[in-house]
Amino acid sequence: MKHPTVKKINGVFEGGGVKGSALVGAIEVTEDKGYVFENVAGTSAGSLVAAFLASGYKAFEIKKIMDEVDYNKFLDQAALANIPVIGKGLQLFLKEGIYKGDYVEKWLADVLAQKGVRTFGDLIMEKYSRDSTFIYKLQVIASDITNGKLLVFPNDAAEYGINPNDLSVAKALRMSISIPFFYEPVILKKFQLQRDQKSLMQLGQKVKSYIVDGGILSNFPVWLLDDNPNLDCPTLGYKLVDPAEAVPATINGPIDFLKAMFKTMMEAHDARYIKDSDFARTIPIPTLGVQTTDFGITKVQKEALYQSGKDAAAKFFDTWDFAEYKKKFHNGVLTRTQKIWNKKAPN
C-alpha cells in the first residue's frame, strides 16, 4: 500500500558483489512506505545501487536492470589471461588483476547516462551548497592501498588533482568494485613532496596510487552520513547478512583461494560487531547462501534475494520509530555539521 506522506531519509548500502538484488527488494519496501532518499552512499555493489538511486532510478527500474544484467560479462579477461595454464597467473603478476574491468565501467556509464548523469557535477544538491560533503547526493567508498587510506568520492578526488565535480561517476564506481586480484586496480597519480637530501629542497612528484574495492576498509559505512545537517532526515543502513551457518568454501585452486580470501576480507570484519545505535537503524537482509563472487547467479537466485530484501525491510519498518531512535541514541546532541549550520543560519 502506498503512503501519501513523503518522508526523507539517507541510505547507506553495504557491498556484496552479485547480491545487489537483495538491496533492491528492501529499497522497494522503503519507497512503498513513503520514504524518499535524500543522500545515499555505498561500498562496492552497494555503491552501484546508491548511484542508481542518486541518478533518479526507482526500485522497480533498478530491479529490471539487475534482472537483465549478465554478471559473467563483468569478467572481461585481457588477451594475456587467455593463454592456457599460465595466462591468468601472468595477467595477475603484470597487471595486479585477472580481469580488466572495462566492460562494467562502460555498462555503468551507459546506465547512468540514461538519467543524464555522467559526473558528480550532475549530482549536486544546491540546498547543501554550504556543506562540502552533503552537496553531492552520492558518496562512494574506495581504498587507496598505496597510501593505506579509505577514500570517499567525490571529495577525495581532489587529492589526486581531480576536481570532484568532474569525476566520472562510473569511474568512481569502477574503483569501488575493484575486487583485489580479480580486477585490475585503478591507478591515480597523487602529488607528493619529498625532501632532496643534498639540496634540502622540497621536490614534488606524482606517485602512482592503486585504488581498489572500498570493502577492504569499510564495507558498511553507515556512519558516513551521520553529519547531515537535516535533523529530521534519519540514516538507514542496508546490510547483507549470511546465514548463521554458512557453507565452508571449497578451495581447489588459486582462483577459489582468491575468492575465499576476498569473502573473508570483505565480510568478517563487519560481521563481528555493530554498535547498538547502528544496529537499531540497520535493515539486515539474509543473502540465502549466495556468495559475493557467484558471477553465474541465476534468475531464480536473483528473485529469491529480491524477496529476501522485501521481507527484511517489511519486518524492520513494522517496528521502526525515528523519534524513539533519536530519543534513545542522540538525546538532543547536535552533530558537528548541524552546529555549523545553526551558526550560519540567519536570524
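Heads up, the Cβ atoms here are built off N, Cα and C, so glycines get one too.
Those TrEMBL annotations? Automatic predictions, nothing curated.
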Inset, instruction - Give the range, chosen from 7-11, 42-46, 252-256, 327-331, that TrEMBL lists as motif 'GXSXG'. - result: 42-46
Inset, instruction - Could you find out if DSSP has D213 (active site, proton acceptor) as helix, strand or coil? - result: strand
Inset, instruction - List the helix, strand and coil residue totals of the motif 'GXSXG' (42-46) as derived from DSSP. - result: 2 helix, 2 strand, 1 coil
Inset, instruction - Count the residues of the motif 'GXGXXG' (15-20) that DSSP assigns to helix (H, G, I), to strand (E, B) and to coil, and report the three numbers in that order. - result: 4 helix, 0 strand, 2 coil
